[in-house]
Amino acid sequence: MKVANLLGALALLALASSFATAYDPSPLQDICVAINDIDSAVLVNGKFCKNPSLYTPDDFSFSGFDVPGNTSNQLGVHVNIVTADLMPGLNTLGVSMARIDFAPNGGLNPPHYHPRASEILKPGDLIVFPFGLVHFQLNIGKTPAVAIAALTSQNPGVNTVANAIFGASPSINPAVITTAFHLDKELVEDLQTQEWVNPT
């Protein structure tokens, strides 16, 4: 009986220790430079991998991030986001970067969210926007401003709220928007006829 109890205790301990070390493995691999040639590559994270013997320094660098974007648009903002599409070496690394340029006196990166990433922003202090949280940035200063953001995905995605609601194609029934947002139907119809700017 003592042997059976000992074996039972050891089996329970073995099971418990295996649960204690279990975790979700990262779906990423060390390096997989993205390539558009589907015939000569392996698919990882939605991108095809370049043959490692063909990697170049250009796969791991991006020029122009220091250049201010043109903010002379209706929002007074320009977003330059660097993902694996622009810098193939980011593929599988789970990161992308954005430079956000703001015009003075109200440059606005409108309310938006990232369906596949959290965003980390440093405007003097560090701010974190979790996955899917609607957020915006507004320059209340009298001079141009710039923010650098890190995103926790090689392809974070961005959905601008106003564009998705008022600029949808096909358009959302005005009665739905009127009821959901407590707006006047004529205002909704007017907003749906306007052109909605994409900050990127």
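Quick reminder: no glycine exception, Cβ is built from N, Cα and C everywhere.
Feature annotations, reproduced from TrEMBL:
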- N109, H114, E119: oxalate binding site (BINDING)
- H112, H114, E119, H135: Mn(2+) binding site (BINDING)
- C32-C49: disulfide bond (DISULFID)
- 63-189: domain 'Cupin type-1' (DOMAIN)
- 1-22: signal peptide (SIGNAL)
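Positions of the features from TrEMBL, shown on the structure.
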residue: C32; record: disulfide bond; CB count, 10 Å: 24
residue: C49; record: disulfide bond; CB count, 10 Å: 20
residue: N109; record: oxalate binding site; CB count, 10 Å: 26
residue: H112; record: Mn(2+) binding site; CB count, 10 Å: 21
residue: H114; record: oxalate binding site; CB count, 10 Å: 24
residue: E119; record: oxalate binding site; CB count, 10 Å: 24
residue: H135; record: Mn(2+) binding site; CB count, 10 Å: 15
_Pairwise Cα distance for H135 (Mn(2+) binding site)/N109 (oxalate binding site) [Å, integer]_ = 9
_For the C-alpha pair, I'd like the distance in angstrom between H114 (oxalate binding site) and C49 (disulfide bond), rounded off._
25
*Relative to the Cα of H112 (Mn(2+) binding site), which of the recorded positions C32, C49, E119 has the closest Cα?*
E119
*Within the same chain, and leaving aside H112, H114, E119, H135, name every residue whose CB is within 8 angstroms of the centroid of the CB atoms belonging to the recorded Mn(2+) site, in sequence order.*
Y113, F129, L133, V134, P156, V158
*Confidence summary for the domain 'Cupin type-1' (63-189), mean pLDDT rounded*: 89
*Apart from N109, H114, E119, which residues in this chain have a Cβ no more than 8 Å from the mean position of the Cβ atoms of those residues at the oxalate site?*
A98, H112, Y113, L121, F129, H135, Q137, A149, L151, P156, V158
_Measuring Cα to Cα, how many Å separate E119 (oxalate binding site) from C49 (disulfide bond)?_
26
*Using Cα coordinates, what distance in whole Å links C49 (disulfide bond) and N109 (oxalate binding site)?*
33
_Length of the line joining the Cα atoms of C32 (disulfide bond) and N109 (oxalate binding site), in Å_ = 32
